[in-house]
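This report concerns only the one structure given below.
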Amino acid sequence: MSDTSENSNAEIPADTSDVKDKPKPIVRAPQFPPPPEGISKSQWKKICRKKRFEETRAEYAQIRKEKRNRAKLARREKLKEYTDRGEEIPEELKRPPKVNLNQSDSGISIILDCSFDDLMNDREIVSLSTQVTRAYSSNKRENNYAKIKVTSFDKRLKQRFDNDLSNSNYTKWKNFEFTADPTLPTENAVYLTADTEEKLDTLEPGTTYIVGGIVDKNRHKNLCYNKAKELNIPTKRLPIGEFINLAGRKVLTTSHMVQLMLRYFDNKDWKEAFESVLPPRKLEVDSTKEDSETASAE
């Protein structure tokens, strides 16, 4: 009996099988209680999601803070390794200046069309506000800047900036304007959308490029394309497939769209702009196309 007891309490050896071969757990959609009488299911889901967002806001803020602190610590340790060895610090570890004092005017204007506020949940509004601030940072730091305007700035996105991001002083941002006016130009304007077949070969000074300010995880197909068609604004797409392969969706964030256009003016080379701006996890360079596509870009 004692042997049986000892065996039952013996330490079970750890599973040494390759964890990569194990299937990932299925992430199921959150379950909400039945909606009260008089409230539709979609309205009730929005209410529940908003409530859950408010309840977990502080927790997520703490998680993001800890993640930033870990990244800072890892960077400091990496820098120390180079300095201890007396080696030059690589460019990718150097922080870019907050303001580029040697900027040139690209000659283009960019509009962030933020008229899709009602189609996003609260988390997506937070994400969009982050993308807008990143677009502003790019406009300060890149070698070329654009005149950027945020339109339809009058709902939750504005509340986000006025309440949670009030320290940003966004009303004083240089070359960056916020307006509640939803009007979009129809002359010398191009609406950029991945849903069109027309390819954007070059950026032309004097032209306004409109970017849809929406975070929707691809829920709303042809949203920007249909709006542009209704307003008789020409549509074009960045030449992503012609120069690179993207891992996953060929839909870029609003901030990446802005940074790519600004970076394009460095050498007027889309391939170089894509490879220098997009994170490696999204980028899959097709080396078989390199020679022909480089020639076509010149």
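Glycine is no exception: its Cβ is also placed from the backbone N, Cα and C atoms.
Residues or ranges marked as region 'Disordered' by Swiss-Prot: 1-44. Sequence annotations record features per position, and here Swiss-Prot assigns compositional bias 'Polar residues' to 1-10. If you look up Swiss-Prot, you'll see 96-285 marked as domain 'SAM-dependent MTase TRM10-type', on the strength of sequence analysis. Feature annotation from Swiss-Prot assigns S-adenosyl-L-methionine binding site to Leu192, Thr193, Gly212, Asp216, Lys217, Asn218, Arg219, His220, Cys224, Leu238, Lys250, Val251, Leu252. Feature annotation from Swiss-Prot assigns active site, proton acceptor to Asp216; the stated evidence is similarity to another entry.
Rounded to the nearest whole angstrom, the C-alpha distance between the residue listed as 'active site, proton acceptor' and Leu192 (S-adenosyl-L-methionine binding site) is 16. Summarising the environment of Cys224 (S-adenosyl-L-methionine binding site), the number of other Cβ atoms within 10 Å of its Cβ, over all protein chains shown, is 24. The recorded positions examined here are Asp216, Leu252; by Cβ neighbour count within 10 Å, the least packed of them is Asp216.
Within 10 Å of the C-beta of Leu192 (S-adenosyl-L-methionine binding site) there are 21 other C-beta atoms, taking all protein chains into account. The Cβ of Arg219 (S-adenosyl-L-methionine binding site) has 11 other Cβ atoms within 10 Å, all protein chains considered. Over all protein chains present, the Cβ of Gly212 (S-adenosyl-L-methionine binding site) has 25 other Cβ atoms lying within 10 Å.
Secondary structure at Cys224 (S-adenosyl-L-methionine binding site), as computed by DSSP, is helix.
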